[in-house]
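Everything below concerns the one structure shown next.
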Amino acid sequence: MEGGSGSNSVPPSATFDKSRVLDVKPLRSLVPVFPSSPQAPPFVCAPPSGPFPSGFSPFYPFNGPQPTPPDLNQHTHTPAPLRSFRAPQSNGKMATDGNADGSTGAPTKRPVGRPRSSSASQKKAKKDLVFTLAVVDNNFVLGITPAQREDGDTEVVNNVRMRFDALRRRLSQLEDAKESPNGWIRRADLKAANIMMSKGLRTNLRKRVGVVPGVEVGDIFFFRMEMCLVGLHSQTMAGIDYMIVRADIEEDPLAVSIVSSGGYEDEAEDRDVLIYSGQGGNVNSNKKEAADQKLERGNLALERSLHRNNEVRVIRGMKDAISPTAKVYVYDGLYRIQESWVEKGKSGCNIFKYKLVRLPGQPGAFDVWKSIQQWREGFSSRIGLILPDLTSGTEGIPVSLVNDVDKEKGPAYFTYFASVKYVKSFKLTEPSCGCNCHNACAPGDLNCSCIRKNGGDFPYTANGVLVSRRPLVHECGPTCPCIPNCKNRVTQTGLKVRLEVFKTKDRGWGLRSWDPIRAGTFICEYAGEVIEKVKARQDGEGEDDDYVFDTTRVYEPFKWNCEPGLVEGDGNDTTEEYSIPSPLIISAKNVGNVARFMNHSCNPNVFWQPVAYEQNSESYVHIAFFAMKHIPPMTELTYDYGTSRSDEVDGNDSLHGKKKCLCGSPRCRGCFG
């Protein structure tokens, strides 16, 4: 139609009845157009519920139940999948860069106004954050319902986090075994998160203000992707996460969480107050010219949250004491924005500042890290300190002894010994020889006899984290010709985290760590004197000993390894059932190390793994303890003591407990030992 924009155009002078409904045919009544070219791919027509021909798969919204519309009155909505988010520009608030304390002088405060029109910046294209989807086994059991994906709980959150880290460790193990070009960055965390998301292994998809179900104040995360999978902070790079809510007529962004990790001009040293810098303006970029920040996106969301007085989740990024180049993210709880202003930053440009104040009555999180920092600088501030090092220098890292509960001056006397002691006449296995490597044992090197004993896989990742539970882990022994710092000697190199023996309120002495502990990290071995099983039965040795480790006890089974089917082409299905050549009973009553202070729990955060290595032409088994999950600082370390069986001579294998359990876990069995 000449002079018009289309067949439905109406001349400006025309009049029409606005009450009439246009006669528009529904989409389903239109005639489909089929490909006519003989070279074109065949047209496929299948019902929404299937079955689908080979090579085709269902698509949204036919691949699952239709999501319920969000209740805007509850200020929540269902976010798009992470892979559909676009990466922020380099001038955005990037939590991976961290934030630095760089305030200069008193700020000149003025009210923050509305954003100026910036159509050019809104139309500017952004690069997509692309993940390569991995094909996984269709028979894989998800174990998470659609309702649990929307709203989780403690059990679901723990399930997602443990499965993610198990997958990440397995991918790291596979990558370590490959020869990669120099400079190529391997990101097993991104690959693992992509697989998890493609399978729906995530929770708390429904964005919300305030508490995230199943995530506790003080929880730690070693990867940004972990926070995305459990709904704590859905931005993979940006430091401000927000949602859109309806306010009267307009829609407003509302901040739900922020990450402060040391890359912007934040003031983050105070335990209860955080001065947070806005995003944008290229204030932290060396490649682009700095500019004034604009009141848009996350900055606008924080400003709207100030006026609405809503809670904002705060995650603080801390340096990892074990790995200085890495960061640990600690969830510090809920804050409220008290005020905002604009000031000149180091770049000379205007940046937004937001003052957030922590809500009272929450468990300690960041303040625990600050206390530990003071203790490292000097023990004078440590309340209840009895000994700065109860090992008397036996360990490379001191182990402090603390009692801030009562006046007891310490546990009963024992001789500190860092490893297990065997009776001369007691040999566990037949004579064995070590590897023939003359440098460091290399992952995937089947010429290494120690790696062959481990089924061809290196049992640890490059940073010394245990990949999976095994029937028996074989390490290089003292007589192996490989270098002393070979990565296959993890349990023989002493403590790696700063431990503390402390007095509990109702369970005697316990053990905890000053450092955050990553899942799979070696903590210590169970040191003591080996007792022969036959001798123990005849003499009753160990019956009244509270410091006994017994491999013949019955232990609650648990899943820790990566499930088969999550990694394409991965045929590894290592059993988690232990296989020890001979029953092992260790007493730490008279001789032992810090492991003797670890208490029992029916819901532990530490597990034991048998480890064997050759020494003096004999292969001996050691009991090593590893972190079952990420453990925040000053959290008590516990493992499952197991339950003894009645005398097998009587033919009675029924379980019976000898001691009342005080672990306080919802899954408490009531007894142990």
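Every residue gets a Cβ built from N, Cα and C, even glycine.
Among the ranges 1-22, 639-660, the stretch that TrEMBL annotates as region 'Disordered' is 1-22. Within its own chain, the domain 'Post-SET' (657-673) is flanked in space by residues 506-507, 556, 599-603, 638, 640-644, which lie at least six positions past its ends and keep a Cβ under 8 Å from the stretch. Under DSSP, the residues of the domain 'Pre-SET' (433-494) split into helix, strand and coil as follows: 8 helix, 5 strand, 49 coil.
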